[in-house]
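Features reported for this protein in Swiss-Prot:
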- Y223: active site, proton donor (ACT_SITE)
- P67, L68, T69, A100, Q142, R270, G340, G361, K362: FMN binding site (BINDING)
- H218, C219, A220, F221: substrate binding site (BINDING)
Amino acid sequence: MIRKKASPHCLHDVSGSCPHLSILLHSSRRPESAPVPCLLPMEAKIPLLTPHTMGRFHLAHRVVHAPLTRSRCYNNLPQEHVQLYYSQRATNGGLLIAEATGVSETAQGYPNTPGIWTKEQVEAWRTVVDAVHQKGGVFFCQIWHVGRASTNDYQPNGQTPIPCTDKKITPTVLKDGTVEEFSAPRRLREDEIPQIVDDFRIAARNCIEAGFDGVEIHCAFGYLIEQFMKDGVNDRTDKYGGSIANRCRFALEVIQAAIDEIGSDRVGVRLSPYSNCLDCWDSDPDALGLYMIQAMSKLGVLYCSMVEPEVVKVDGKVQIPYKLWHFRKVFAGTFIVAGGYNREEGNRAVSQGYTDLVAYGKWFLANPDLPRRFELNAPLNKYDRSTFYTSDPVIGYTDYPFLSPL
């Protein structure tokens, strides 16, 4: 059996209508598996809850909602349940990054993921953005193109997916025995690449038109931009292949196009140099990451969100590799880390100056009031991995419980 699953990238750090929207905004169904929150004594303000100025944005705390694909945007449109999901997690002065959003028809590769290349999509996102802004949140939209991580079924007119290479992603046997397999791709011609760059530029403009405060360009987890960046995939012999400078050329052209369109103070970038997701790896991730960080600093990129190498547990405790120091020291803008962080490790990372902000995925999807739970040192709801990528507009999406009012 061949099965397509939703994007694994967004939950690494861990990215119809709702008839009862007004009710659900204030009360959510408690999953049977979720613990009843029991508040512990408050303590002095923790590092994660101290303010931070990110360019023009004055953030009240450092707990960031990571971009998380959830496969619930039917027909590539965010609907009322999506509005509810983000508004539940919005806080005054808190930064949320919306799920990976396609820049064009050819950008799609997974079921029920949103886009922002049409007027209808822009208007649909506007209602979501308005709901977040009404609660004082700062809202960025992650924009992407999946490249070879697609099948002909998701491409316009059944055409072949278009990455930097003709190499196909190796089929993967999933835990349930099914197989994840992508279609054989067609290498982009050099003369086609400017159109993809322009798609990102237009998407950035559309995000601002929809009301977003900025965009995060997805240069991570094995999707199109990273496919160009990493030598484990990029086998081109033109100006977009070979040296690090050539392999990063496409990424920097996209970033520059977005900056030219909406300003560097509204552009963030996500990188995962150590990841090998989707057969996308590099022989020298340190050099690759450093090259990108230095170039992004020169361009005045607002923030860089970087993903830790694989996190392990020792005696039940999360062990963060802390391998991003050299990138943090070089980057001139706001630095965001992600990848396995909990409350304790997040506080440690901020207090030691390792990062400015910490992005949370799985814990934020399961705890809509995560900053408050961190403040009170309250127990966290357990996330249900089986509902990460299902299409239900409520279960595993908007029904995770809040803490009881004090």
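Glycine is treated like the rest: Cβ placed from N, Cα and C.
From a predicted model like this one, the values you see are computed outputs, not experimental measurements.
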H218 (substrate binding site): nearby binding-site residues from T69, Q142, G340, K362, Cα cut-off 10 Å: Q142
Which listed residue (P67, G340) has most other Cβ within 10 Å, given these are binding-site residues: P67
Between G340 (FMN binding site) and Y223 (active site, proton donor), the C-alpha gap once rounded to whole angstrom: 21
Number of Cβ atoms other than its own within 10 Å, given for K362 (FMN binding site): 20
CB within-chain contacts under 8 A for C219 (substrate binding site), separation at least 6: I225, E226, M229, A251, V269, R270, L271, M292
The residue listed as 'active site, proton donor', number of other Cβ atoms within 10 Å: 26
Rounded to the nearest Å - Cα separation of Q142 (FMN binding site) and Y223 (active site, proton donor): 13
